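Asker: Mind looking over this structure? Questions follow.
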Amino acid sequence: MRSPHRDAIRTARGLVVKVGTTALTTPSGMFDAGRLAGLAEAVERRMKAGSDVVIVSSGAIAAGIEPLGLSRRPKDLATKQAAASVGQVALVNSWSAAFARYGRTVGQVLLTAHDISMRVQHTNAQRTLDRLRALHAVAIVNENDTVATNEIRFGDNDRLSALVAHLVGADALVLLSDIDGLYDCDPRKTADATFIPEVSGPADLDGVVAGRSSHLGTGGMASKVAAALLAADAGVPVLLAPAADAATALADASVGTVFAARPARLSARRFWVRYAAEATGALTLDAGAVRAVVRQRRSLLAAGITAVSGRFCGGDVVELRAPDAAMVARGVVAYDASELATMVGRSTSELPGELRRPVVHADDLVAVSAKQAKQV
């Protein structure tokens, strides 16, 4: 299969490769260092061809099962985190040993959703990853499951890999798992499931039924599709391919499903506002303000706000909601929640001089469609 979108992945200089738990485990769920070594070989070939590669690797919990004497993947949070703390050591050591065969050094980068959402930590993570690549080390990124809580069900690093792809300015994202690509329904349950080789936008997914989780990891097809759409919307093409065909996927992108990138890449700040930042509050708007913000791309003024919720400070990201509570945009708010509560519904001329700035400036505001809202 050839297409301009596959060619973009085949020729990408900067690449993020996400390796799912099922790509690193046996059918019984035990960590398999041999499978990891095979994936490292495929990545090495791509790097020898001139690409810079960052790896987002799942598998820490699976790698901790055997050393802790467990018979299966744990279900409770405390044991998952204990397994992750032990397994992360085994996981990064396995990557280190695999790349040592090629004379390469690896660096471990553990992140949480909170790290990505906070602007300072976000920037520090970006600098660390950029510096590792400049020093020709292979960055191995994983979610820090040991301290994560709800994020431990983040989607088996699918969403994290999409965020990292934009963070490092990657030219493409490759998601490797135990699946051939995208089908209109689960091919393991439906014999006549139709394979979808290319997705040009969310409209191509109408009628597609995606499973929510795998039995070994936490990321099912729904998680992978959401991550692929997120990255593609940010301007990064995505290939969803089977880990068994990793060599082919990384060599010429002729397998799996490709998700086409939007023509114009989102700026780092607008991407952070739309997808990465954690919203600490919400502003409910009247219908006129919704039109001004979404259709006319104008700044939000206090007069168009009908309600304020949450605790936030000036500089935080908040959700902007329509009268029916649907999120229509996200933006950087200029005032603390306590200040804003006194401004609701008031025209600019009624406010004191120090409170006449827009509540959310147009430059710090990103409209969000209904489908994008599900990816946030």
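Glycine is treated like the rest: Cβ placed from N, Cα and C.
The model shown is predicted, which means the values in this text are computed figures rather than measured ones.
These came from Swiss-Prot, pasted as-is:
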type	residues	note
BINDING	K18, S177, D178, T218, G219, G220, M221, A222, S223, K224	ATP binding site
BINDING	S58, D145, N157	substrate binding site
DOMAIN	280-358	domain 'PUA'
Asker: What mean pLDDT does the predicted model reach across the domain 'PUA' (280-358)?
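Answerer: It averages 96.
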Asker: Taking the residues S58, D145, N157, which the record names as binding substrate, find the longest CA to CA distance and state it in Å to the nearest whole number.
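Answerer: Output for substrate binders S58, D145, N157: max Cα distance 10 Å.
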Asker: Work out how many Å separate K18 (ATP binding site) and S58 (substrate binding site) at their Cα atoms, rounded off.
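Answerer: It is 8 Å, counting Cα to Cα.
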Asker: Return the single residue from the binding-site residues list (D145, D178) that has the minimum number of other CB atoms within 10 Å.
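Answerer: Lowest Cβ count within 10 Å among the binding-site residues (D145, D178) is D178.
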Asker: Measuring Cα to Cα, how many angstrom lie between D145 (substrate binding site) and M221 (ATP binding site)?
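Answerer: Just about 21 Å between their Cα atoms.
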Asker: Can you tell me how far the Cα of S58 (substrate binding site) sits from the Cα of D178 (ATP binding site), in Å?
Answerer: 13
Asker: Between the binding-site residues D178, M221, S223, which lies closest to N157 (substrate binding site), Cα to Cα?
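Answerer: Comparing Cα positions, the closest of these binding-site residues turns out to be S223.
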Asker: Hey, which of the binding-site residues S58, N157, S223 is the loneliest by Cβ count within 10 Å?
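Answerer: If we count Cβ atoms within 10 Å for the binding-site residues S58, N157, S223, the smallest count is at S223.
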